[in-house]
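First up is the structure itself, then whatever we jot down about it.
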Amino acid sequence: MSEIRTLGEFIVAKQHDFPHASGELSSLIGSIKLAAKIVNREINKAGLVDITGASGDENIQGEQQQKLDIYANDKFKAALENRDQVCGVASEEEDEAVAFNKELNKNAKYVVLMDPLDGSSNIDVNVSVGTIFSIYRRISPIGSPATEEDFLQPGNKQVAAGYIIYGSSTMLVYTTGNGVHGFTYDPSLGVFCLSHEDMKIPQDGNIYSINEGNYIRFPEGVKQYLKYCQEIKPAENRPYTSRYIGSLVADFHRNLLKGGIYLYPSTQAYPNGKLRLLYECNPMAMLIEEAGGKATSGEERILDITPTELHQRVPFFVGSINMVDKVQNFLDEWQD
């Protein structure tokens, strides 16, 4: 029987990658792990208790909040505040960043940005959902409350990023800039066990993930790329396969393992794109680049964008490097 390595053991073993590590980042990821277990438990009971459906409230983007959105947001926020390694959080479900005011939190080095439950509208139909997180070192003085500037940093300043996918099994996938590693939750032991070490996305793939129902509203370059994907060219392994779940974490996870591209372009309704730069695009971009892939807005590298507001949106193209380069060629050629 092969040796079982837990997430906690793996993080401790990797601390030597950080010359000035004091264990705080490891403990922070432990807080995320704890909240993930709690949220996973509720998701698994979703059909049995009154936790599914809309809450009746809207978030700052004007989107209907699901009951589990609020539940997950509260659990992750509490877990991060209670361990004292985080001075503040910004969440897709919060209008503004939240500064933790306990003295120990003010002395913390890190801020966390998160989408506590991506794809939550799929809960009612038992489709995979996820949590996305991003960790930065604060830039405001230690000992003071967190400021908005701590959160408005470009993605290339992230010290860690990851996601949890709640599906047929629950997995936590993360990077600290030294490879992408996946851990599968063993409910009988109550631990995340290393199952996918040093994950790499294939340079090419034959899967494209996009909501083609919005085709008429896409930029011309995206329309032309989709025609390219659908052409019958057996020598080039085309046509490609269309796979779109409607949950970013689930689509991204499949493409990471199998090779592919995820596209969420601008549309007439969302000229700046729909996905959030800070809560969704930056962490996924860090992960994909660490795995050998690529992420772009169609105009620039996602990780090089300097955000101007917490809920900023951008077009998003992410996946296998050759596929992202190909769609970029179409975007450049067919500029509207």
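Heads up, the Cβ atoms here are built off N, Cα and C, so glycines get one too.
The Mg(2+) 1 binding site feature in Swiss-Prot is assigned to Glu92, Asp115, Leu117; the stated evidence is sequence analysis. Asp115 (Mg(2+) 1 binding site) falls within a strand segment according to DSSP. Over all protein chains present, the Cβ of Asp115 (Mg(2+) 1 binding site) has 28 other Cβ atoms lying within 10 Å.
The feature Mg(2+) 2 binding site is assigned by Swiss-Prot to Asp115, Asp118, Glu280.
Secondary structure from DSSP puts Tyr262 (substrate binding site) in a beta strand. Cβ neighbour count for Tyr262 (substrate binding site): 26 (other Cβ atoms within 10 Å of its Cβ, all protein chains included). If you look up Swiss-Prot, you'll see Asp118, Gly119, Ser120, Ser121, Asn211, Tyr244, Tyr262, Leu263, Tyr264, Lys274 marked as substrate binding site.
Long-range neighbours of Glu280 (Mg(2+) 2 binding site) (same chain, six or more residues apart, CB within less than 8 Å of its CB): Glu92, Asp115, Asp118, Ile132, Leu248, Phe316. For the recorded Mg(2+) 1 site, residues Glu92, Asp115, Leu117 set the reference point as the centre of their Cβ atoms, and the other residues of that chain within 8 Å of it by Cβ are Asp69, Ala72, Asn73, Ser91, Glu93, Met114, Pro116, Asp118, Ser120, Thr131, Ile132, Tyr279, Glu280.
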